[in-house]
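**Q** First the structure, then my questions, so here it is.
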Amino acid sequence: MAKHERGLRFQPAGGVKTVQIPAGKKQRLTIERLSDDGRGIAFLEGKTWFVAGSLAGEEVEARVLNARGKVVEARTERVFTASAMRRAPACEYFGRCGGCSVQHVPHEEQLALKQRMLAEQLLRVANVVPDEWAAPLSGAELAYRRRARVAVRWDAKAKRLDVGFRAAASQDIVSIEHCPVLVQALQPIMNELPGMLKSFSKPQVLGHVELFSGVATAVLLRHTASLVEADLALLQAFCSRHGAQLWLHGEGEPQPASPGDTLGYRLEPWNLQLAWRPGDFIQVNASVNTAMIEQALQWLAPAKDERVMDLFCGLGNFALPLAGLARDVVAVEGVATMVERAAVNAMSNDLHNVRFFQADLSQPLTQADWAAEGFSAVLLDPPRDGAFEVVRQIRKTGARRLLYVSCNPATLARDAVELIRQGYRLKRAGILDMFPQTAHVEAMALFEMSK
């Protein structure tokens, strides 16, 4: 009996344990197709590989970044057989920096990928196709980003200051001295920033840096302890040379080094200027933001005698232009400080037919007085989680038209199911190319109450 027992193989409950592939391992793969996020998909020995930097039909060597169960995440290290679609990336850091994921894909193909992602989500989740597909709303491929956070970390062991952007799927910092997606006003600042910070006498106190471009250019430094005078003088001279405001973020809220300095951006078609502060949300792509507002107003088409509700209104990015067309605008935002700034923005732009309210829009709206007033149209611009609680009650507002601006096609499709159940019809939809060179999809959808 014992002789036979030695030949038996016992396995724990749950089946055979999957052998994990170690990070760093290189593997030759044939890419079958692209995933929704722009990565190549390959299949090998029962595992599905998601390979950044690859294209359908290519044969590549991929380095494993992470493996879990039957899913392997990897990065292209070498291309043996290239797709005819492949192009040279505009940035030398592409493939290492985590900021851009599809620079190797022509822009028209990037737009087609995003359009397909939106269409597939709407069809699969909501079983709906819009009555009309709008052309993609896009702008410049490069030099579009007016805001960026630069990672800074002191390596005490190596006595080295790392300055750059986070690596893909990692907390590592890729040292970077230029970034082609930044607007031109920020390019020379980014070029010289690493060298300037590395000359600090006390680099240990440095946190991240934020760069802003708008009505004014600004540099914000997060620091964990007080700056010594020599380092502060170095920073002030750097900002002065680049014509930039300096903001410091130690304890408490960020503050300008020169009292009275403010940040803001223009919406030229409506002769509006919106003030904001570090920490506030603004769209990073100024030209596509303007085009997005123009398209939203065209689609929603508010009349002079209509009341419009703007939910998740932020600083008034949509509400203020809407106020120039509608009789009355009610704008609602969850962050109290942004509600305060939005109200100030309305006053400074001499708009008196828009009112701002603070509310938790993840909760039912039935208790809010402003929700019971009745509206002709509603505009939604929610975060990635979507607006499910809002759309569940949207019919109670009386709105026959609803414009949904989405930064996540999955939650847009989920919310579309509820809107269609309430009797709304998806009249028009299209993508907004807010982040060229990435697979990130923003979208706009117009729903109208069925007659």
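Every residue gets a Cβ built from N, Cα and C, even glycine.
What Swiss-Prot shows for this protein is this:
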- Cys407: active site, nucleophile (ACT_SITE)
- Cys91, Cys97, Cys100, Cys179: [4Fe-4S] cluster binding site (BINDING)
- Gln283, Phe312, Asn317, Glu333, Asp360, Asp381: S-adenosyl-L-methionine binding site (BINDING)
- 20-78: domain 'TRAM' (DOMAIN)
**Q** Quick check: which same-chain residues outside Cys91, Cys97, Cys100, Cys179 lie with their CB within 8 A of the centre of the [4Fe-4S] cluster site CB atoms?
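**A** Checked against the 8 Å cutoff, the neighbours are Tyr93, Phe94, Gly99, Gln103, Phe165, Ile176, Pro180, Val181, Gln437.
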**Q** Find the longest CA to CA distance in the recorded S-adenosyl-L-methionine-binding set Gln283, Phe312, Asn317, Glu333, Asp360, Asp381; express it in Å as a whole number.
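**A** 21 Å is the greatest Cα spacing among the residues binding S-adenosyl-L-methionine.
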**Q** Which of the binding-site residues Gln283, Phe312, Asn317, Asp360, Asp381 has its Cα closest in space to the Cα of Cys97 ([4Fe-4S] cluster binding site)?
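**A** Nearest in space to Cys97 ([4Fe-4S] cluster binding site), counting only the binding-site residues, is Gln283.
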**Q** Quick check for the class: what is the C-alpha distance, in angstrom and rounded, between Gln283 (S-adenosyl-L-methionine binding site) and Cys100 ([4Fe-4S] cluster binding site)?
**A** 17
**Q** If we check Cα distances from Phe312 (S-adenosyl-L-methionine binding site), which of the recorded positions Cys91, Cys100, Cys179, Cys407 wins as closest?
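**A** Going through Cys91, Cys100, Cys179, Cys407 one by one, the Cα closest to that of Phe312 (S-adenosyl-L-methionine binding site) is Cys407.
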**Q** Quick one: of Cys91, Cys100, Cys179, Cys407, which recorded positions lie within 10 angstroms of Asp381 (S-adenosyl-L-methionine binding site), measuring between C-alpha atoms? Sequence order, please.
**A** Cys407
**Q** Name the one residue among Asn317, Glu333, Asp360, Cys407 whose Cα is closest in three-dimensional space to that of Cys179 ([4Fe-4S] cluster binding site); these are the recorded positions.
**A** Cys407
**Q** Out of the recorded positions Asn317, Glu333, Asp360, Cys407, give me the one sitting nearest to Cys91 ([4Fe-4S] cluster binding site) by CA distance.
**A** Cys407
**Q** Could you work out which of the binding-site residues (Gln283, Asn317) has its C-beta surrounded by the smallest number of other C-beta atoms within 10 A?
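**A** Per-residue Cβ counts within 10 Å for the binding-site residues Gln283, Asn317 bottom out at Gln283.
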**Q** Cα-Cα separation of Glu333 (S-adenosyl-L-methionine binding site) and the residue listed as 'active site, nucleophile', in Å?
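**A** Pair distance, Cα basis, whole Å: 17 Å.
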**Q** Sort the residues of the domain 'TRAM' (20-78) into helix, strand and coil with DSSP and give the three counts.
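**A** Helix (H, G, I), strand (E, B), coil: 0 helix, 36 strand, 23 coil.
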